Amino acid sequence: MLKILSARQIKSLEESYLEEKGILSLELMETAAEAFCQWYMQNFSRRQDIAIFCGTGNNGGDGIAIARLLSRQGYPVCVYTLGDAKDGTADYNSNLNILPTNIVNKPFSNIDWERFRCHVIIDAMLGIGLNKPLEGKYLDAVKKLNSQKTMRIAVDMPTGLPSDKLVDGEAFQAHYTVTFQTPKLSALFPEHAAYVGDLVVKDIGIDGKYFNGYESSRYFVEEKDILERHKIFHKASHKGDFGKVLLVGGSKGKLGAIMLSAKAALRTGSGLISTFVPGFGLPIMQSSIHEVMVETCTGNDILDSAPENLDRFDTIAIGPGMGTDEKTAEALKNILESYKGKMVIDADALNIIAKRKDLKELITSQMILTPHLKEFERMVGDDVKYPEGRIEKALEFSQTYGCVLILKGLHSLITTPAGIQYFNPTGSQFLATGGTGDVLTGVVASYLGQGYSVENAALCGVYHHGLAGQLAGEDQRRGTIASDVIEKIPETYKNLGLS
Ligand SMILES: NC(=O)C1=CN([C@@H]2O[C@H](COP(=O)(O)OP(=O)(O)OC[C@H]3O[C@@H](n4cnc5c(N)ncnc54)[C@H](O)[C@@H]3O)[C@@H](O)[C@H]2O)[C@@H](O)CC1
Ligand SMILES: Nc1ncnc2c1ncn2[C@@H]1O[C@H](COP(=O)(O)OP(=O)(O)O)[C@@H](O)[C@H]1O
Ligand SMILES: [K+]
């Protein structure tokens, strides 16, 4: 887990790290520049001309160091500077003094934009030191650079993006942001996706113990955190070990949702999947998914009653394609009141709960709720447009009702009633297609059925779902559909070296 700190905390952390280790800030800057270059060299060829735009703070210092290191490796670089070296930080100037003279270093104001050409723009103008919205030459630079049809990469933070809050005005629009040690909170806001691009986090050697003294209950999940949360199943495991899951949902025209959940749960590794659907769904379910057992409610078209003997199941997920009819709401109430095991509550089950205070009171610590933004807004009855407020609201909701909350979207946010908030690193814009939420429900329910805690099921579920989305997107690009995501779930295990 990478602890997410504010810009102020990061500066203080770096100072105490440098002091304790007896390292100069210039050395840490060199490590950061090396980390950037290592990533750059793995991804880009020497045939691409690079223009590095530098401010005169430490972000600019990183940029100048990057220019030296890349040039030494045979990469063609030019430096363009905003600001006056006499105002520069000590580390910026130390780097400027050793910039090889064969590297072109021009003031930004001297650029002839008619003739300006490069393949890659690196933004090292401003980083976490940003203290006001862009104006003047920085604003001008960002506008000019954003209009270039080239690859754009930001060092640490895109210029103009505040580390901890929503952007005010313009900011550099990066295709990649290579940040150091731990992501800054605002780089995880979906609203900032167009500025941050793909986020790359590079270790610069400040180990976890230095983070201990800084208060934050927000974390960025890493692959190793997921690996250690998985259960290992032995060779003689039988289907009962992998859990008996019941998926409740479906209504006329929306049976597909529960089918997607069921298939996703099977591909995640569930032992036995049962579904509970309206009567019309029986022949359809049976003929399309042979591995799934099907039970039906009393009504033909809508879900109007609850299943018998709920204790047969290790976990229940409810909501996909279920509809919000009055009778369905009563069936939901019945299930929430009578089932004591772990549950996933999704989609229409959330929409029903949003309107019924008596149902909200039935939320327990055994439950994982999986709203997308609109569903969350319905549940909290408030505007959740602003990310800072939304993250706070998620915390408040999880603590008030004692449940785990998965707020879906780019970097889905998992909040636990203990007050910990985890941002998920996996995912892809190709998941933005109907039915992928139903897939997530099946994946999370499967882990609950396999005996994972609510917290671990939520973390592992969201991570694998996002990774499956990435893998499906690599093959199918914008043609990706929810079924493609399901088919990639097994590959996520292979990818992580899990059996
Ligand atoms: N401190 C350290 O030891 C390390 C810092 N690193 C780099 O240092 C960066 C932070 O450096 P700084 O603290 O010098 O900050 P920046 O380089 O981000 O910016 C600082 C300067 O920009 C000015 N400024 C702020 N907002 C402005 C605006 N809107 N328009 C014009 N000028 C503006 C400030 O007054 C200040 O002079 C990080 O983002 C990272 O790139 C890395 O080298 C890793 C190690
Ligand atoms: N741009 C995106 N980047 C990352 N993940 C995304 C993106 N868009 C959607 N997702 C993920 O896809 C899923 C969509 O869920 P949801 O909105 O409930 O879809 P549906 O109701 O169609 O099943 C969520 O897990 C969400 O996190
Ligand atoms: K930058």
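Cβ atoms are placed via backbone N, Cα and C, with glycine included.
TrEMBL labels come from automatic prediction, so no person has curated them.
The domain 'YjeF N-terminal' annotation in TrEMBL covers 10-212.
Here TrEMBL flags 58-62, 127-133, Y138, D156, A257, G321, H372, D438 as (6S)-NADPHX binding site. Counting only same-chain residues six or more apart in sequence, the Cβ atoms lying under 8 angstroms from the Cβ of N58 ((6S)-NADPHX binding site) belong to S25, M29, T89, D91, Y92, G127, G129.
The DSSP secondary structure for N59 (K(+) binding site) is helix. As annotated by TrEMBL, K(+) binding site applies to N59, D123, T159.
According to TrEMBL, the domain 'YjeF C-terminal' annotation covers 222-496.
Here TrEMBL flags K408, G409, L410, H411, S412, G437 as AMP binding site. Taking Cβ-Cβ distances under 8 Å and a sequence gap of 6 or more within the same chain, the neighbours of H411 (AMP binding site) are L188, P190, F423, N424, P425, G427.
Within the set of binding-site residues N131, K408, G409, L410, S412, N131 have a CB atom less than 6 Å from some atom of ligand 1. In the three-state DSSP reading, G437 (AMP binding site) counts as helix.
In sequence order, the binding-site residues near T159 (K(+) binding site) (Cα within 10 Å of its Cα) amount to none of G321, K408, L410. With a CB cut-off of under 6 A applied against ligand 3, the binding-site residues N58, N59, D123 are reduced to N59, D123.
Each residue contributes its Cα atom, and for G409 (AMP binding site) and G321 ((6S)-NADPHX binding site) those atoms are 19 Å apart.
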